[in-house]
């Protein structure tokens, strides 16, 4: 029994994980807009533009929070509540994922299936916000967004399944710990296949190239942007922050799976700080790599996205069956 | 008489009373009194089921004049669970029917049939022998067929739906009858306990398993026996459709469990694979059809095929893993299948009743003509929304817990103590996870579409724009159903422990309640406590709400009739996305499976090739299985009928000739 069934009312059982979760939350709320700033700035420099600076997303959020939201006359409470739901779902990701360390909160282990479901709540909230505006663009974005989300899910869950096999559990903190203790797992072919599949799934979930172009406002190619077109003020700030947090948290997860070193496993204060610095470095490094990669990528046609996802699904399936039959 | 015995008698008496009031009372009182009696019948069923679930055993023996064993009604724990679920749905549906049944739906026949249908359905899980099981099964089927015919005078499609329904029900009945027949012939008794003595690896056991699976699968709407569903449920009155989809299909599941858990508990691996394939195909096919459906009831009907497919997927995984002695995972899969069944009863009943409320208020079920109902019907919208969360298996509903447990049992199934249990399991489990994931993803899209298009944005037709909230007698069952969806999701621990006690005492020590009613499965190392998750979400929400409240005081939300219009006029409601356009990308992606027929007609202005006057688009997605599998059979039957008619030309000489030929053949056969 590795997952605790009874709550231990001790510092190590409750206090340390909660402190770590709070730190994780604060760190990622600070880091997420910065990550977007870095991604945009790197891209701007590579394309020969000056760029707005890495703090611009933070300034945008501050500006939007101080503006009044405007709603269409026929829209409902969904335009107000949806963005908050998306933000809460992203914040929960930041609490539950093993980013700074692998200390698990009591009763809510970082079970990947639970985490995916929490993330899907945000996906659904965003899709409903897109529909509630009552315009063709919102509906179009929402429809495409949900189609991609539906097709990504098999890849996502199967790659999780493949990663869970060496650890014997779908609890993420255990998976990261296993990779830390036996680094050979990381470069095993099964793990590599699963990581590639997971990376493609994450790109699709966070609306990055080649599935969606995050900087487009061209009507026919929008996915994410089309859904947030009708939102403004606070609502838009929450939507943007929620999406950024999701990207940052998932990149942090990817970073910890590829390079698990630096992650806090036993609580110490220097270890906590080291964990925070390490995960921030991993997220920013992955963000930079993502940005560089995106400069050389074009957005895939909407109807060739399923082919890409089918390919990544095949990788994930191969990873799972191989780990049973070959290993 | 103990609680179970008197409960069974009370149910029968209440059903008789309801039939009497339904037939005798005038229209002004009929719906109210009979509906209330039917609801009481449901309550009696819940109490009886709870007593049986608690371990009380009581038998009601009805001696027969025929030279066979007497009929014995005595629900065990499993039967008790199903009796509770079915009766609870029946009670909600009857309450709703008081408000929603109008015109022919509230006729004498309809209400009497309703009582018969509910009573038959509630008592099937109490049967302990083949004869009473089949008798009650047929009472249930007959009652529902009569109910289905309520609107036959006003809608011609009802008639064809009733024929499909009768034919398909009798087909499943035939399979069940044949399956039980094989077992009875092999063991020499009609009681279930006698049937269970058949050796699992014998030919009769294998034959009976396949026949019974097909029969019960047909009742549970599994592909390829699901063809009646999309025809029947949209034509049935809303409360009847809710009872059929929320409760009657569960009797099919009960039958399958009866076979796999009670009668033939230790089957070979291929049984598990067969159930797994049947369930997996049904799940994907059902949700694919649901995701492209535009009629709300057709969408919900296909989604039932999907959900029952997932239940059978869990059952199949359980049978397969048990045959490889991976007991912990097999138990978890079985509990997950039952959790799915319970949660499906809660959310599908609420969804169908919600669809009924929408129909009551607008007279419309086509999503393409709905919209903006959230503001006009807040109760319906709220309850439908919560039930949609359940159907999309999102936290914190019961659907989420059930699907999570199924996933956990699948990923832990292929290995036992670090060793791969078998090649079959290590291929079947990943594929099952993939099927479950694809189904979950498409369910998400389906219910975002159903809720978003019907209840959000702007009304797409005049009927939708003048809709009013339904009366309270219809709201109460909606609210109770939605509460059940969320409530069951918040207490998975006690629920799973109760279900574990139902299917086998061996599972009980493995299931624990942790934290605030969370569930823990020791054998497969899985813990989930939804309440803690909710508390965590609440904590995270606090700072956001503070910022929103502060911001709202300084900069309140402005409602603008013309936002972002760039000086132009507001877009017309028809320019919004519709349900059809919402599913369009999906139709394209799954073109090969769905085979839509699309007809685009462009009318140009004058001689111009570029200016378009109007575009007419028509797209129909038909059920591939119906057109490919059933149509050829039906056509062949029709051709045979035409040919056979030539033999019947009314000539008395020819008929005498036929009789003579028949007599000759009989004499020759006898003499051989």
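Backbone N, Cα and C define each Cβ position, glycine as well.
Here's what TrEMBL has on this protein:
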TRANSMEM  A:12-39  transmembrane segment
TRANSMEM  A:77-100  transmembrane segment
TRANSMEM  A:112-134  transmembrane segment
TRANSMEM  A:184-204  transmembrane segment
TRANSMEM  A:244-263  transmembrane segment
TRANSMEM  A:269-296  transmembrane segment
TRANSMEM  A:308-326  transmembrane segment
Task = Would you mind listing the long-range same-chain contacts of the transmembrane segment (A:244-263), meaning Cβ under 8 Å and 6+ residues beyond its ends?
result = 28-29, 31-33, 35-36, 57, 87, 89-91, 93-94, 97-102, 119, 122, 163, 172, 175-177, 179-180, 183, 186, 195, 198-199, 202, 205-206, 208, 274-275, 277-279, 282-283, 285-287, 290
Query = Other than its close neighbours in sequence, what residues sit by the transmembrane segment (A:184-204), given a CB gap under 8 Å and a spacing of at least six beyond its ends?
reply = 148-149, 152, 155-156, 158-160, 162-163, 165-166, 178, 210-211, 250-251, 254, 257-258, 260, 305, 308-309, 311-313, 315-316, 318-320, 322-323, 326-327
Note = Sequence-distant residues near the transmembrane segment (A:308-326) by C-beta distance (under 8 Å, 6 or more away from its ends) are 148, 151-152, 154-155, 158-159, 161-162, 165-166, 189-191, 193-194, 196-198, 200-201, 204, 210-211, 300
Key: Close approaches to the transmembrane segment (A:77-100) from elsewhere in its chain (Cβ under 8 angstroms; 6 or more beyond its ends)   = 20-21, 23-25, 27-29, 69, 71, 108, 110, 114-115, 118-119, 121-122, 125-126, 128-129, 131-133, 172-173, 176, 230-231, 234-239, 241-243, 245-246, 248-250, 252-253, 256, 263-264, 272, 275-276, 279
